Every structure is written in structure tokens, then in C-alpha cells.
Amino acid sequence: MPGSSGDPEKDEEVEARELTKRLVSAYDEEGEPPAGSVETMVVEEPPVEKWDCESILSLRSNLDNHPRCISEPRRGGRPFPAGREKIELSAKTGLPINRQSGGATAMSSDGSSGDAVSIATSSVRRKDESREEKKARKAAVKEAQRQARARKKDLKQMFKDQESKMKGIQETRPTVPLP
């Protein structure tokens, strides 16, 4: 009989065991739990967003903070009208994927190929290189370096000119004194 041992912890344990035995026997007889003995709760978990590793690592970055959720590509849809070309976008960057051109060719405003974008090249020396080939290779490297310095100098001068032009515009701008 509960409560006869004098120890409150043992009495609670005995009562809990007896209650459990009664509920289990009632469940076995009826095939379902007794009414009011068990509460059923349905908990819906919110959908978990999946992030790719680059996006989650760059969340704190100001330069490359373009997080995107990983999602399955859409299937189907209505057909694209004939005669028009569908522009495909990259799922990662959201920029158009240019499939026509084999490589990037930079063209400047005057129509010449753009030297503004430098391509890193290395002069690999062959073992069986002759003296003339070595001279030609070194001369080509020196010429490329000379051109790079000239481009850098021109770019610096262009920015200095633009800066002085902007300062001149700001100095001549009329101001209205506040009362």
C-alpha cells in the first residue's frame, strides 16, 4: 500500500509503477490507450533550408555575400516560343551562362582587343632550348613587363586626371549658406 513505508521518494516510485501497470493492462485489453490518459500532439517542424558551403562561409563577408539556398532545379514548364533564344542563368551566381562563345574576348571601345585584362602567362623553359630561343623568350617576357608597366602608368594618370577634374567641379559648385 502506497504511503506506508514513510519514505516519500519510494512512495512516489511505487505509485508511478502501479499507474503504469494499470495503463498497460488497460491498453492491452482495449487495444488503444484509455481516454484521457495520453495526450497526442502533432508537431510540425519548419522546413530546414540547405545552404551551400560557400554561401554559409561568406555570410559575414561584405565582398562576396551572395547567399543562395540549395534547391532542386525546376522541371518542365511551358515551351519557349520558337525563334527566340532562351537565356540560361547559373544557379549559383544568377548570371547568364554564355554558351556561344568558346572563350572570353575583351574588346575595348575603339574596337581593338582589350589589353586591360591581363592574362597570367609563364615562360616555361624547355631543356633543349637553343641560345636564340632563350634570347627570344627573355625578350618576350621583358616586352610583356614593359607593356604592363606602361598600362599601369596610363591607368594611374587617367585616375589622377579624373580626380582633379572632379575636385574642380566640386570647388566651382555653388553652395547655399544655411541660416
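The backbone N, Cα and C atoms fix where each Cβ goes, and this holds for glycine too.
As recorded in TrEMBL, the features of this protein are as follows:
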COMPBIAS  64-75  compositional bias 'Basic and acidic residues'
REGION    64-179  region 'Disordered'
COMPBIAS  98-112  compositional bias 'Polar residues'
COMPBIAS  125-146  compositional bias 'Basic and acidic residues'
COMPBIAS  155-170  compositional bias 'Basic and acidic residues'
The compositional bias 'Basic and acidic residues' (155-170) - residue tally per DSSP class, helix then strand then coil:
16 helix, 0 strand, 0 coil
So how many of the residues in the compositional bias 'Basic and acidic residues' (125-146) end up helix, strand or coil by DSSP?
16 helix, 0 strand, 6 coil
